[in-house]
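Chemist: Here you go, one structure.
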Amino acid sequence: MAREQLKVLNALDVAKTQWYHFTAIIIAGMGFFTDAYDLFCISVCTKLLGRLYYHHEGAAKPGTLPPNVSAAVNGVALCGTLAGQLFFGWLGDKLGRKKVYGITLLLMIICSIGSGLSIGHDAKAVMATLCFFRFWLGFGIGGDYPLSATIMSEYANKKTRGAFIAAVFAMQGFGILTGGIFAIIIASIFQNRFDAPAYEVDALGSTVPQADYVWRIIVMFGAIPAALTYYWRLKMPETARYTALVAKNAKQAANDMSKVLQVDIESEPQKVEQLAEKPSNTFGLFSKEFLRRHGLHLLGTTSTWFLLDIAFYSQNLFQKDIFTAIGWIPPAKTMNAIEEVFRIARAQTLIALCSTVPGYWFTVALIDKMGRFAIQLMGFFFMTVFMFALAFPYNHWTHKDNRIGFVVLYSLTFFFANFGPNATTFVVPAEIFPARLRSTCHGISAAAGKLGAIVGAFGFLYLAQNKDKAKADAGYPAGIGVKNALIVLGVVNFLGMLFTFLVPESNGRSLEEMSRENEEETVD
């Protein structure tokens, strides 16, 4: 039997869309902007780092990062993110969302700047310091996942909550575009100022010493948007759901939300006390009661996010082959170092503009109409179909005349990842768990996703190598080949579709209804 909801929470649930909703989206979304910017810009910079620090005299091709260094530079941020999601998710429930929220942003600002100030001139020192700062940058970004999702879900109204949480996540799209455009601008400025011959004309002269500034400027720029929102994060009041349901301070919750909503709200301290003493609001994360009520939900949110990110992060494998195949990026030896940065940034920006970014905003527009379940199921379904369509006739796609078809299918796969599980796996864990465990459960789900990302980015890097060791990339063992790797990814997406059935639909229902926090029920 359901008990009547607290007036302060009801006021939030039925509030019309107001200016504070949009400011909350921007303040909460800045972490994702920085996250996407950082992930994007490092993929642009790794080629340049290879040329700068791993140049071999007399080599036919420009220097590239050795496999272990490349894995460390790209992977260390993912490991940091995973740790940050678990730690700050737990801390967000213990200390409150607001108290922890500024720390994550501060970490991002300091570590973005630190990444560009990598100490020393030799390759080892630069890579070691870069990896150190990227780990802690990832740690800060990781904290933003559970905190931003939880804050947005607790501030939003019932009717448009899905769109608001998805909009926070969709700020990644702007991060990717900003990263691409900024890299293009910096590369163009340096290219005009310090022109250099192609690698095949003059190997040493093709990388001008000033190119060392290019990657540092691009990496450090990520601190600026984060710094701009720091003040606003500190000004944000604690969410009413945390203050009332976890901290048990009814008066404070009513005061805070009266200012935000600009209406008078009754504080109801007795009701808060009654809610706090109910057995259904006291069980912990590792209790039988949690397992009974939310065990399958947590399995659903963690498994779907894990499976999605395996497929989502493996895209980086095929990106370079696709760009080279369709002629967007000519062979490395025909360009100088800065021109290569420009070409890669331009190609990635075009892909983002055509498939990644529109997918996010389709979700924002339709999530409260179609529901989370339908979008996630549809997304996984089409990802499965397109992965198999790429895999089975793979030899057909490798012919020069068919390459455009390959790019179209590839783009559609990632359109449906973003208009699908990439957005919904972020939204749902912020809606279905009790307030006192919401941030922790979101952190656990997100960390499972990052584990999938590590499998996708590195497992498949080795897996997709040619079956013939002689044809595999330098330094890598033989793998199962791209065709078989794509088939495995198709199966992964199909499993994601099955696990989606464990996740409940939260569309149009209040957070307390989903978590059953205001039910009059005794524990067995």
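Even glycines carry a Cβ here, placed using N, Cα and C.
Quick paste from TrEMBL:
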DOMAIN    24-508  domain 'Major facilitator superfamily (MFS) profile'
TRANSMEM  20-49  transmembrane segment
TRANSMEM  69-88  transmembrane segment
TRANSMEM  100-119  transmembrane segment
TRANSMEM  125-142  transmembrane segment
TRANSMEM  163-190  transmembrane segment
TRANSMEM  213-232  transmembrane segment
TRANSMEM  350-367  transmembrane segment
TRANSMEM  373-392  transmembrane segment
TRANSMEM  404-423  transmembrane segment
TRANSMEM  443-464  transmembrane segment
TRANSMEM  485-504  transmembrane segment
Chemist: Could you give the residue numbers and ranges of same-chain residues that sit at least 6 residues beyond the transmembrane segment (350-367) on either side and whose C-beta is under 8 angstroms from one of its C-beta atoms?
Modeler: 40, 162-163, 166-167, 169-170, 172-174, 176-177, 180, 319, 328, 375, 411-412, 414-420, 422-424, 427, 507
Chemist: Report the listed stretch (69-88, 100-119, 443-464) having the maximum count of Cβ pairs within less than 8 Å of the transmembrane segment (485-504).
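Modeler: Maximum Cβ contact count belongs to 443-464.
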Chemist: At least three Cβ pairs under 8 Å linking the transmembrane segment (69-88) and the transmembrane segment (373-392), pairs spaced 6 or more in sequence?
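Modeler: Contact criterion not met.
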Chemist: Near the transmembrane segment (125-142), which residues from the same chain, at least 6 beyond its ends, have a CB less than 8 A from one of its CBs?
Modeler: 31, 34-35, 38, 42, 49, 53, 69, 72-73, 76-88, 103-108, 110-112, 114-115, 117-119, 446-447, 450
Chemist: Who are the long-range neighbours of the transmembrane segment (100-119) in its own chain, taking Cβ under 8 Å and residues 6 or more past its ends?
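Modeler: Apart from its flanks, the transmembrane segment (100-119) reaches 30-31, 34, 38, 84, 88, 91-92, 125-127, 129-130, 132-134, 136-137, 139-141, 143-144, 147, 151, 215-217, 219-223, 226-227, 229-230, 233-234, 236.
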Chemist: Any chance the transmembrane segment (20-49) and the transmembrane segment (213-232) have 3 or more Cβ pairs under 8 A, given the pairs are 6 or more apart in sequence?
Modeler: yes
Chemist: Ranking 213-232, 373-392, 404-423, 443-464 by the number of C-beta pairs under 8 Å to the transmembrane segment (163-190), which range is first?
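Modeler: Against the transmembrane segment (163-190), the leading stretch is 213-232.
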Chemist: List, by number or range, the same-chain residues at least 6 past the transmembrane segment (404-423) whose CB is under 8 A from its CB atoms?
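Modeler: Here the qualifying positions are 166, 169-170, 173, 304-305, 308, 311-312, 315, 318, 322, 325-326, 351, 354-360, 362-364, 366-367, 375-376, 378-380, 382-383, 386-387, 389-390, 397, 496, 500.
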